[in-house]
Amino acid sequence: MGMMNNCWYIMKREIEQTKDDDAPHMLFRHPCEPGTGDGGWMKPSVENQVASAKQEAGAPTKQFTREEIEKHNTEKDCWLVVDQKVYDCTSVLAWHPGGKAAILGHAGKVHAETSDELASIHDGFAYQKLKESNAEAAAKEKASSKTEGKDIVLQKHRWVHVKLLDRKALSEDTRSYTFGLPDNVKDLELGTCQHIQLGFHLKDKMLIRSYTKPLLPDPAKASKDDPASKPSFSSEIQSMQDGAGTFELVIKTYFPDSRQPGGAMSNILDCMPVGEEIEIRGPTGEIVYNGNGSFTIEDKEMHFKKISLILGGSGITPGYALIARALLGAGEDVEVRVVDANKSEKDILLREELDHFVAESKGRLKVTHVLSHPSDEWKGLKGHVNADIIKKSLFPPEEGSVTFLCGHPAMIQKGALPALREWGDLKMSTFSDFKSDDETAGQRAWMRSFEGDLAKP
């Protein structure tokens, strides 16, 4: 067969950037170069050879028998053998552009056709995604999850399906979503202030957003001397306690308009039929409130009795989780001061819940709302977060006090942080970014602690 008229003659794409290039460019490579034949994709570039060597150096060395591989041939447990290596491709089935049938046809089979078909259809991106799935790691994780017990639903590196059970409108653009945990699992076991990630498969990628769930410990797992209940907050506790087999998320929908396309995930959830499934994983977040003023921040134990929060827009959600635990948990005596910044009154999320907490807190919670574009009827503070508002509304920098920030980067960088630095000496500062609930909300989750904050009780 002649040149360009056989199964080997396939043009392959490769991204390349040299020292003289300002930006990477795409190179279409022939199998071999004319003449000497020294080039071409059949002889990988130096860059690709180096990258491949690094990948191979960290590759698993475990050997699998044919009998063991052939057991993994179902939709819930799918292994492929490509170029004499074994990969767990179960998670790929849900988003594979060619459909899951194309992969399941090779599941659990040890033959050369799998490698040949992959090479004839897919580019380098597919091989990179394949390398991210390795059967040895999957086997270890599966064994580990079995030893830890069947109650665990959240896993940092594995997506789990949950079903949308109910959706309630709290305002024009805010909804409460109730999701059911899988396989009769009762506990979400999410730390206070930690986030869960929601994942939704689009045609060519997976959309991922982080959300924070206000959650109290399962009362069945609490000690008799520390029951997670208080008579004055019984209804709130019942709706927030873990152990019910469900969990709720309060999410603002960013509808599209002439100025912006809207929030992708929030609009998907707003239109999703009840009974449909979405995926979750987690927990994420380096700040965990353990109760009674105790925090775990980047694996370090810290203790604060006076907590200040500077929150903006939908940044109220992780702050609300902390407020709920601090006020509803048994034995809590911490004090909380909040500055909540928004554009207008209709943008204030969870306002009724915050007002109720303030009324029932006996002075332990104070909330100051600041609006940048208020109506004429607004009697509260106007403008943007500044030094004057912070000094009047929050705790001063002293031992045992801490300030957490969560909101749009502009509010934090231009308004809050300069004011905090001017107010007192900072002993430590930790910044932690995570992907916002919607792309319109910006990056969030910032923490700032003042001198003396590391003192333990």
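Glycine too: its Cβ is placed from the backbone N, Cα and C atoms.
Whatever TrEMBL says is automated annotation, not expert-curated.
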Site co-member for FAD according to TrEMBL, given Arg209, Tyr211, Val250, Lys252, Phe255, Met265, Ser266, out of Thr114, Thr178, Thr317: Thr317
TrEMBL annotation of region 'Disordered' - which of the ranges 58-77, 218-237 it falls on: 218-237
C-beta crowding around Ser266 (FAD binding site), within 10 angstroms: 25
Sparsest-packed among the binding-site residues, when each Cβ's other Cβ atoms within 10 Å are tallied, from Val250, Met265: Val250
Listed in sequence order, residues with CB under 8 A of Phe255 (FAD binding site) and six or more positions away: Asp173, Gly262, Asn267
Assigned element (helix, strand, coil) containing Phe255 (FAD binding site), judged by DSSP: coil
Recorded FAD site residues Arg209, Tyr211, Val250, Lys252, Phe255, Met265, Ser266, Thr317, farthest C-alpha pair in Å: 19
Overall pLDDT of the domain 'Cytochrome b5 heme-binding' (61-132), taken as the mean: 79
